[in-house]
Amino acid sequence: MSSEQPAWTFGLFTPDQNKQAPLEMNENAINSLYEAIPLPQDGSSNGQRQEDRQANSFELKRETLVATDPPRPTINLDPRVSIYSGRRPLLSRTNIQGRVYNFLERPTGWKCFVYHFTVFLIVLICLIFSVLSTIQQYNNLATETLFWMEIVLVVFFGAEYVVRLWSAGCRSKYVGVWGRLRFARKPISVIDLIVVVASVIVLCVGSNGQVFATSAIRGIRFLQILRMLHVDRQGGTWRLLGSVVFIHRQELITTLYIGFLGLIFSSYFVYLAEKDAIDSSGEYQFGSYADALWWGVVTVTTIGYGDKVPQTWIGKTIASCFSVFAISFFALPAGILGSGFALKVQQKQRQKHFNRQIPAAASLIQTAWRCYAAENPDSATWKIYIRKQSRNHHLMSPSPKPKKSAMVKKKKIRTERDEGSTDKMLNIPHITYDHVADDRKNDGYSVESYENTVRKPFGFLDPSTGPFIRTSSFTDDLDMEGDTLLTPITHISELKEHHRAAIKVIRRMQYFVAKKKFQQARKPYDVRDVIEQYSQGHLNLMVRIKELQRRLDQSLGKPSLFLSVSDKVKDKGINTIGSRLNRVEDKVTQMDHKLNLITDMLHHLLTNQQGSQSIRTPHRSNSLNSENHPSRNTLPTYEQLNVPRMTQDNIS
């Protein structure tokens with residue numbers, strides 16, 4: 001292998017030397033573990049190889065499988081994970097059941113919306129024709145049209161019920177006969193079955209030619225009303241209503257209880273006041289307590305039919321007072337339910353916005369952990385880049401394969417017929433592993449394992465096994481004689497330092513991308529959410545400010561604690577900084593006062609001493625006595641006091 005060949009790639013193989021695949025790293029050094037397959041440099045060798053393969057087409061049909069994918073870009077991924085593969089996904093019975101079940105029971109997308117909306121329109125049109133059949137002017141036309149529409153709807157809903165029952169087998173709890181019975185016991189399934197069976201009975205028994213009997217038309221109208229329940233098969237509206245009522249059950253019970261008490265009392269007092277009153281026609285308006293209750297229900301619900309009206313002024317006064325009180329309580333449940341629905345919708349929007357953050361947060365956590373785990377060279381995080389060797393799938397088998405079954409041969413011929421035209425458009429034939437269905441008996445592969453293999457993400461360091469050929473012919477062995485295969489990594493020790501460095505760089509980039517996506521998912525989605533976020537932030541800020549103020553008051557102290565006259569209040573703030581500073585100021589003031597007093601005394605004594613020295617006494621005895629017994633009031637002068645201190649300062 002020349003030094004210009006790429007030593008290794010991230011699971012990609014580039015047949016064109018001028019175009020390099022993304023995430024490809026080139027090295028000049030020869031790597032024994034990763035060697036690229038040398039490709040022919042001119043077109044003549046390609047044509048010669050193509051002619052040789054066409055000459056041995058019969059033998060290749062028996063022993064090899066040549067991939068004939070449609071034209072695709074120069075990047076050739078592994079055939080199991082190639083996004084350019086022309087193979088259609090395998091359709092099985094379980095797969096079809098799941099798709100039909102999701103289409104009918106879990107509608108998502110515009111196709112499901114169009115189907116279910118069309119069914120709703122058909123049911124609504126049938127109901128409109130049923131209403132028109134009650135009008136004398138449109139009776140004949142509506143009845144005849146309704147007859148044929150009922151036949152079509154019965155056949156359609158019957159077939160749909162059977163399909164729903166069959167498709168429910170894709171779920172584990174509806175598998176088998178007992179599972180189907182469990183599915184048929186669902187309330188909406190029971191309603192569908194009743195509508196279908198009753199419609200068939202009405203069409204068979206209650207019709208004469210193309211005309212319905214009167215009783216049959218009544219039954220058809222009732223069944224058409226039941227068909228409207230078919231629109232909401234999931235019961236989302238009923239669940240939403242039930243959740244709102246359950247959340248606000250306490251408020252609803254309170255208002256209904258008080259309103260019911262007001263209804264009973266108002267009806268009873270009006271009955272006592274109006275039981276003997278006679279109206280203009282000579283009849284009793286409130287002849288019984290039941291008439292009074294009917295009047296109360298009509299009044300407090302703000303319907304007001306006017307069939308029962310109080311006649312006396314006492315009854316009118318009682319009715320006015322109780323109506324204002326009772327009507328207000330009977331109107332409260334509507335407001336409670338309305339606010340509950342609004343809060344429920346807002347909660348669903350927030351939950352939907354929060355659900356968008358879960359994948360972004362999980363991706364961020366995963367990428368952060370992988371960046372952390374990549375720092376350890378012996379970590380198990382490197383195992384995802386290692387490909388396990390297949391035990392039963394050998395390349396270049398020396399022994400010929402046994403004969404395939406007739407079904408496998410037909411499938412191979414059909415695949416070659418569908419994709420044979422695309423093989424001529426390729427300059428280099430892409431040869432892959434045998435199809436999974438061809439090696440099912442020998443290699444033990446299944447459709448489920450194939451689908452799981454396709455879904456499994458491959459590491460970008462897995463070298464592409466490239467276009468391989470499985471053959472035992474001597475001619476093809478000569479063709480592949482000079483080719484060198486890329487050896488897959490089978491152990492962590494085979495990962496080089498540049499491999500690990502590239503993995504760390506890519507993981508760090510994935511971390512930054514996941515972080516950006518998570519920050520975008522965390523952004524508020526509504527103005528109300530922004531306002532709530534700001535109000536929550538303001539509340540947190542005020543809480544922190546109050547906590548800081550409390551700590552400052554605890555450390556510094558409030559002025560009212562240490563400036564108060566009461567000793568009990570002073571004791572509360574004795575350990576605060578303010579109290580200590582206040583005590584220091586008091587001590588400084590006392591010291592200043594004492595120093596002023598001492599200064600005045602010294603000045604007074606100095607004045608007295610100077611006056612006593614000016615008067616000289618002639619008696620020596622007095623002078624001797626004064627020398628031997630100095631006066632207690634005699635103090636040193638200011639200069640005498642300063643001289644030792646100045647001397648001490650000079651010494652220091």
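Each residue, glycine too, has its Cβ placed from N, Cα and C.
Here the structure is a predicted model, which means the values were calculated and not measured.
Mean per-residue pLDDT, taken over the topological domain 'Cytoplasmic' (1-110), amounts to 51. Residues or ranges marked as topological domain 'Cytoplasmic' by Swiss-Prot on the basis of a curator's inference: 1-110 (among others).
Long-range contacts of the transmembrane segment (111-132) within the same chain: residues 103, 138, 141-142, 145-146, 149-150, 153, 217, 220-221, 224-225, 227-228, 230-231, each at least 6 residues beyond the stretch ends and with a Cβ under 8 Å from a Cβ of the stretch. The feature transmembrane segment is assigned by Swiss-Prot to 111-132 (among others).
Here the topological domain 'Extracellular' (133-143) has, by DSSP, the following mix of helix, strand and coil residues: 5 helix, 0 strand, 6 coil. For 133-143 (among others), the entry in Swiss-Prot reads topological domain 'Extracellular'.
Annotation source Swiss-Prot lists transmembrane segment at 144-166 (among others), citing similarity to another entry. Using a Cβ-Cβ cut-off under 8 Å and counting only residues 6 or more beyond its ends in the same chain, the transmembrane segment (144-166) has close neighbours at 97, 100-101, 104-105, 122-123, 125-126, 129-130, 133, 180, 183-184, 189, 192-193, 195-196, 199-200, 202-203, 207, 210-212, 220, 227, 230.
Helix, strand and coil counts under DSSP for the topological domain 'Cytoplasmic' (167-182) come to 14 helix, 0 strand, 2 coil. The feature topological domain 'Cytoplasmic' is assigned by Swiss-Prot to 167-182 (among others).
Counting only same-chain residues 6+ beyond the ends of the transmembrane segment (183-208), those with a CB under 8 A from a CB of the stretch are 147, 150-151, 153-154, 157-158, 161, 164-165, 168, 174, 215-216, 219-220, 223, 226-227, 229-230, 233, 235. The transmembrane segment annotation in Swiss-Prot covers 183-208 (among others), and the record cites similarity to another entry as its basis.
Annotation comment: Swiss-Prot describes 209-216 (among others) as topological domain 'Extracellular', evidence class a curator's inference.
According to Swiss-Prot, the transmembrane segment annotation covers 217-232 (among others).
Remote same-chain residues near the region 'Interaction with KCNE3' (228-236) are listed as 105, 116, 119-120, 123-124, 127, 157, 187-188, 191-192, 195 (criterion: CB distance under 8 Å, separation of at least six residues from the stretch ends). Per Swiss-Prot, the feature region 'Interaction with KCNE3' maps to 228-236.
The annotation topological domain 'Cytoplasmic' is assigned in Swiss-Prot to 233-250 (among others) on the grounds of a curator's inference. Helix, strand and coil content of the topological domain 'Cytoplasmic' (233-250), in residues and according to DSSP, is 14 helix, 0 strand, 4 coil.
Proximity of distant same-chain residues to the transmembrane segment (251-273), defined by a Cβ-Cβ separation under 8 Å and at least 6 residues beyond the stretch ends, is recorded for 245, 286, 288-289, 291-293, 295-297, 299-300, 310, 312, 314-315, 318-319, 322-323, 325-326, 329-330, 332-333, 336-337. As annotated by Swiss-Prot, transmembrane segment applies to 251-273 (among others), with the evidence given as similarity to another entry.
Swiss-Prot lists 274-289 (among others) with the feature topological domain 'Extracellular', giving a curator's inference as the kind of evidence. Sequence-distant contacts of the topological domain 'Extracellular' (274-289) (same chain, six or more residues past either end, CB-CB distance under 8 Å): 267-268, 295, 308-312, 315.
For 290-310, the entry in Swiss-Prot reads intramembrane segment.
Taken from Swiss-Prot, the feature transmembrane segment covers 313-338 (among others).
Taken from Swiss-Prot, the feature topological domain 'Cytoplasmic' covers 339-652 (among others).
The region 'Interaction with CALM' annotation in Swiss-Prot covers 360-372 (among others).
Counting same-chain residues at least six beyond the ends of the topological domain 'Cytoplasmic' (167-182), those with a Cβ under 8 angstroms from any Cβ of the stretch are 94, 97-98, 100-101, 104-105.
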